[in-house]
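Colleague: Handing you this structure, nothing more for now.
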């Protein structure tokens, strides 16, 4: 039987069951079941199950991670929100007040952070500041010490490294400013419609290795979205949503991809799902002159993830969110040696706080390392060396392009969190593919081959904090939807 007809018959059978009413032995399905019944068990391409992630994240990791992210080192992020969109000229700027970003005044940011954006320890500051000054002069001054000259060349090489997955902001630019992430939380802003759809459409359609002939399910900009196709079955004419055929073709295509390209799509889908969970969990429920009330909007969540309302797409996206969680968790487990080095500090200038935060950071990282079912990235880029290197470069360039698309987002708060989370995921990918460089790091002194800037560190942990929050919020939504039909 043709695969499309088999899928159609299954769908019509499900519709028939829904329309025939429920017997006394079969209670009606709850909203929680429609959203989460498929979000359980083992994840595709993984040896890990959803339930293990929920238990580990919600009860062992989430509380300590939130405490770390509230510290000065991680709450201040330097970002350029004025960079022009490199892909199209006209951007419809969101004028809503909830789209705005509150920037930091100069005296609000700890001096240690302002003077040490790339630095790890007080002792390293003088050396690295010498390096940066030499770079700005455009040459390696022979009067500098031999160690400093070497550092200049090595860090310049690092900045141009092919292992960087993001096009990072120039934080020395006058347009780059500090933002307090705690005062600018990621939540629903009202930024939606064609402008927001355009961003995601460009990401999915042009950067996820997808041919134009393959239609993505539930694409609001697709010409066939929301329409029906008519099929002749015997003497009957049956109307079937066109998206069902797009979905069937799409997932057949996706399963036929190599594991790396399939993983790339699932990472982007997981990031998209995570953002939608945040918007549903921190939704503007009430806006009066007395107060603004933010909270869980279960209707919004259902529209995005209900299995029936999304024709099966919502639960798939939630599973991709868990896949993204595993990828970033694995990266954090592999970068532990970098943070364990004695001369690494979460440097803000407050020695007592910096020492306490490093201790908490290492506790979290060792907890992550103990996770029993880590993703095995060794299957990535494991074939013919020449082909593997080309695939890795394609992978890197596609993701780098996505990081540039974030400058086209018309809502400044959405742009802020989009830039941070893509940089965080890009840093995680950089770590996963730098295993040998991490293993060869010196126990002390500058690490020339593998290096993380403060921007990368802050984005890495905050991005994972967003995914961790999403997993925690899914538990909250399960409970809220339990008694809704």
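Using the three backbone atoms N, Cα and C, a Cβ is placed for every residue, glycine included.
Feature annotation from TrEMBL assigns active site, nucleophile to 411. For 414, the entry in TrEMBL reads active site. What TrEMBL records for 187, 189, 200, 269, 272, 304 is FAD binding site. Per TrEMBL, disulfide bond is recorded for 94-99, 411-414. Residues annotated as signal peptide in TrEMBL: 1-23.
Neighbours and distances for these, please.
Modeller: Around residue 411 (active site, nucleophile), the C-beta neighbours below 8 angstroms that are at least 6 residues distant in the chain are 94, 96, 99, 189, 191, 196.
Residue 414 (active site) is surrounded by 21 other CB atoms, counting those within 10 A of its CB over all protein chains shown.
Listed in sequence order, 316, 317, 320 are the same-chain residues at least 6 apart in sequence whose CB falls under 8 Å from the CB of residue 269 (FAD binding site).
Around residue 99 (disulfide bond), a 10 Å sphere centred on its CB holds 18 further CB atoms from the protein chains shown.
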Colleague: Give the sequence-ordered list of residues that share a chain with residue 200 (FAD binding site), lie 6 or more positions from it, and have CB atoms under 8 Å from its CB.
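Modeller: When sequence neighbours closer than 6 are ignored, residue 200 (FAD binding site) has 272 within Cβ distance under 8 Å.
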Colleague: Within 10 Å of its Cβ, which one of these binding-site residues (187, 272, 304) has the largest number of other Cβ atoms?
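Modeller: The most densely surrounded of these binding-site residues is 304.
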Colleague: Whole-number Å distance between the CA of residue 304 (FAD binding site) and the CA of residue 414 (active site)?
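Modeller: A Cα-Cα distance of 18 Å.
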